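**Student:** Have a look at the structure that comes next, please.
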């Protein structure tokens, strides 16, 4: 793709590798930008080329720390002050998405706050993938293009996992809709893990609803953080007679001790996308790229085409 659509792609520190792959897919260079860090921990953003009147796409996942969010906000502000025409935030992993509602008294709703900050900074569109809660799209007053990791996962599953003995499973009731979509499109049964938590990242009890005896189980989730839920679900599947257990999840948050838990679990394979950089070496982890998916979304936004056909479900 040539650059006749008058657009430029830039990247924050956290997502540079993915942004480079997106640009390779688009056939355009990654835009030149400088992020200067100071001794006191502050940083400043400046564009090293003119973006006046251009449509800019700023690629940055807001994980693993608030610095990445602040960096993105400064990128947006600098683009607005440099007279960019349209400013699209491309956020492969939208951090704080698990703070999407008031589930107890006197608690913040982080996802809404982040949406307000991005909008106030000056974005005119958001492209993201597999939000933890679909309703977060409604927190924005600008268009939101919500992509799905299933677009790349389904191709991998069909090529590498025999469907005749496959069962799709969700590690918690909240993921039932997602797992049901996979089961429906693959034409296979679904089972559910029901869990109760003592507190965040700490599971009290888990049980299976459904039959996995002598089946190859595919656990489906959106985020793996400490990997406590996904590995406990895998172990439970094996205890209940599953022949093998693999898992897919869009976002590899993988906070310690997640990698160790995955390696020591009964999981045969753990498959993520590259929405978040995953630098650790874990023999069971496989990474699928979503660069082509985001590149196609950017291309269609620039040419005012529908992106609905990019959705697998």
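Using N, Cα and C of the backbone, Cβ positions are placed for all residues, glycine too.
Straight out of Swiss-Prot:
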- 40, 41, 42, 98, 99: ATP binding site (BINDING)
- 132: Mg(2+) 1 binding site (BINDING)
- 172: Mg(2+) 2 binding site (BINDING)
- 195: active site (ACT_SITE)
- 197, 221, 225, 226, 227, 228, 229: D-ribose 5-phosphate binding site (BINDING)
**Student:** What Cα-Cα separation, expressed in whole Å, is found between residue 225 (D-ribose 5-phosphate binding site) and residue 172 (Mg(2+) 2 binding site)?
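**Tutor:** Cα to Cα, residue 225 (D-ribose 5-phosphate binding site) and residue 172 (Mg(2+) 2 binding site) are separated by 14 Å.
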**Student:** Given the recorded positions 40, 42, 98, 195, 221, tell me which ones have a C-alpha lying within 10 Å of the C-alpha of residue 172 (Mg(2+) 2 binding site).
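**Tutor:** Hits: 195, 221.
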**Student:** DSSP on the residue listed as 'active site', three-state: which is it?
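**Tutor:** Where the residue listed as 'active site' sits, the three-state DSSP reduction gives strand.
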**Student:** Are there any residues in the same chain, six or more apart in sequence, whose C-beta is under 8 angstroms from the C-beta of residue 99 (ATP binding site), and if so which?
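**Tutor:** Same-chain residues close to residue 99 (ATP binding site) (Cβ under 8 Å, separated by 6 or more) are 107, 108, 109, 110, 111.
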**Student:** Among the binding-site residues listed here, 40, 42, 172, 221, 225, which has the most company in the form of other Cβ atoms within 10 Å of its Cβ?
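**Tutor:** Going through 40, 42, 172, 221, 225 one by one, the largest Cβ count within 10 Å is at 221.
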**Student:** Please report the distance from the Cα of residue 226 (D-ribose 5-phosphate binding site) to the Cα of residue 41 (ATP binding site), rounded to the nearest angstrom.
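**Tutor:** Here the two Cα atoms are 28 Å apart.
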**Student:** Among the recorded positions 98, 195, whose Cβ has the fewest other Cβ atoms within 10 Å?
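**Tutor:** Each of the recorded positions 98, 195 was scored; lowest Cβ tally within 10 Å is 98.
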**Student:** Taking only the residues the record lists as binding ATP, namely 40, 41, 42, 98, 99, what is the largest Cα to Cα distance between any two of them, in Å to the nearest whole number?
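**Tutor:** Answer in Å: the longest Cα-Cα distance is 30.
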**Student:** Can you grab the distance from residue 41 (ATP binding site) over to residue 132 (Mg(2+) 1 binding site)? Cα atoms, rounded to a whole Å.
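**Tutor:** Cα-Cα, rounded: 30 Å.
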**Student:** Spatially, which candidate from the binding-site residues 40, 42, 132 is nearest to residue 227 (D-ribose 5-phosphate binding site), comparing Cα atoms?
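**Tutor:** Closest candidate to residue 227 (D-ribose 5-phosphate binding site), judged by Cα separation, is 132.
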